[in-house]
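Data block below; observations after.
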Amino acid sequence: MTAPAADTAVLKALRKVRQPQPQRNRELGLTLFAIALTIVATALSQLGELGSIESGVLISQGVLGALVLILHIVLRLKAPQADPFVVPIATLLTGLGFAMIYRLGISGAAGTDAGAAGRQLIYAGIGVVLCGALVWVLSNYRVLFRYTYIFGLLGVVLLILPFIPGIRGGGNALVWIHIGPYYFQPGEIAKICLAIFFAGYLVRTRESLASTGRRILGFTFPRAREFGPLLVIWLISMAIIVVQRDLGTGLLIFGMFVATLYVATGKTGWVLIGVLLAVGGAIAASFVLEYVHGRFSAWLNAFDPELIAAQGGSYQLVNGIFGLAHGGLIGTGLGLGRPYLTPVSQSDYIIPSLGEELGLAGLFAILCLYLVFVARGLRIGVAGQDDFGKLLATALSFTLALQVFIMVGGVTRLIPLTGLTTPFLAAGGSSLLANWIIVGIILRISDAVRQQPRAVIG
């Protein structure tokens with residue numbers, strides 16, 4: 001490119017940034033508020049736990065905020081009509097999660113990881129960069145539709161990776177791989193690949209799967225010969241539960257498929273059948289698999305003294321419930337509670353940790369953030385200009401919603417614990433990267449929805 005041509009390209013880009021963009025202006029204001037609020041939360045955690053403020057951590061958090069603002073500029077250039085609420089909500093949740101992980105790390109209590117906050121900040125920065133790169137490179141999300149079956153195969157391969165000797169990670173559940181000193185959960189990326197596969201597959205097969213069958217008690221059930229895909233996904237999910245010892249991922253993948261199948265066909269019978277298969281499979285697993293039985297026992301008999309004292313019993317569940325109760329309505333204040341008394345308070349039990357120090361009011365506000373995020377994603381899906389975008393946005397949004405329900409329900413004894421992570425909040429680099437990739441895909445779809453008329457593909 002010649003010098004005059006390069007200058008012209010730069011001027012066009014600057015002109016595009018400066019054009020009136022109500023969506024982006026709204027996003028900028030909300031993002032600045034989210035960044036400021038999360039830095040204040042970290043500072044309050046320092047004051048509560050240490051009695052002083054360490055500027056180095058706040059500066060590092062400011063660097064993450066700068067990366068988010070660069071993402072905002074990328075959206076102005078490449079996706080000016082993208083949803084204005086998705087990035088601020090993801091930023092606020094990520095920042096609040098970091099503040100609590102950092103607060104627990106500086107407590108010095110046994111069982112907390114002082115280095116977890118630093119790693120979380122690095123992974124958050126990488127996630128934001130990946131999100132921006134995805135928005136920049138993926139100019140048309142429909143290109144993903146062409147590779148439907150490749151993404152399906154890739155998702156299965158990622159789920160199998162933890163079984164390969166030499167890279168297999170530790171832990172009771174076979175969900176980790178390691179490359180040198182670095183550990184990663186490929187299942188987090190697998191769920192995105194499978195969401196793309198489910199959306200593309202159902203676009204191609206929705207006609208047959210939507211065929212009318214019998215109507216019983218107000219539910220329209222599919223014909224028997226259409227049960228094949230649902231049974232295959234159910235068997236894969238059960239294999240994950242049995243072989244990988246990962247109850248959460250198995251339920252998540254099956255739930256995502258059922259939700260996408262319902263949106264594709266509009267048949268409530270699929271939902272009822274899916275719920276029956278999921279509940280039946282989980283109950284059967286509780287009788288056959290020791291680790292699932294243990295989680296059901298901890299759920300049903302959490303306050304049994306023998307179970308509390310048992311190895312792998314209900315000790316952490318009970319402690320988390322007491323922590324939520326201790327927080328009351330408005331919480332103890334950041335840095336002033338004792339959430340570190342609950343084991344794995346930085347990851348699995350991040351919700352009770354936040355509930356203790358922010359109270360029921362703060363926890364309700366966090367759940368409202370999730371609600372708005374999921375609602376925006378579903379709204380984008382409903383308004384999608386093609387069936388693939390509609391199903392993909394629905395699958396990704398429902399994935400986050402189901403994760404939140406499973407984790408919040410688990411730590412409050414509404415349902416048994418499953419071992420998933422709370423999106424954006426909990427310590428875990430793999431999950432954080434995957435969630436920011438989901439943000440990028442949703443932003444791309446939302447921009448396309450607002451810019452072009454409805455079209456049909458597939």
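Numbering starts at 1 and runs along the chain as displayed.
Each residue, glycine too, has its Cβ placed from N, Cα and C.
Pulled from TrEMBL:
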- 28-47: transmembrane segment (TRANSMEM)
- 53-73: transmembrane segment (TRANSMEM)
- 85-105: transmembrane segment (TRANSMEM)
- 117-137: transmembrane segment (TRANSMEM)
- 144-164: transmembrane segment (TRANSMEM)
- 184-203: transmembrane segment (TRANSMEM)
- 224-241: transmembrane segment (TRANSMEM)
- 247-264: transmembrane segment (TRANSMEM)
- 271-289: transmembrane segment (TRANSMEM)
- 358-379: transmembrane segment (TRANSMEM)
- 391-412: transmembrane segment (TRANSMEM)
- 424-445: transmembrane segment (TRANSMEM)
For the transmembrane segment (85-105): best-contacting stretch of 28-47, 53-73, 144-164, by Cβ pairs under 8 Å: 28-47
Contacting positions for the transmembrane segment (184-203) when only residues 6+ beyond its ends and CB under 8 Å are counted: 144-145, 147-149, 151-152, 154-156, 158-159, 161-162, 175-178, 209, 229, 246, 249, 252-253, 256-257, 260-261, 264-265, 387-388, 391-392, 394-396, 399, 428-431, 433-434, 437-438, 441, 457-458
Cβ pairs under 8 Å between the transmembrane segment (391-412) and the transmembrane segment (117-137), at least three: no
Winner by Cβ pairs under 8 Å against the transmembrane segment (117-137), considering only 53-73, 247-264, 358-379, 424-445: 424-445
Intrachain residues whose Cβ lies under 8 Å of the transmembrane segment (53-73), provided they are six or more past its termini: 17, 24, 27-28, 31, 35, 38-39, 42-43, 46-47, 87, 91, 94-95, 98, 102, 117, 121, 124-125, 128-129, 131-132, 135
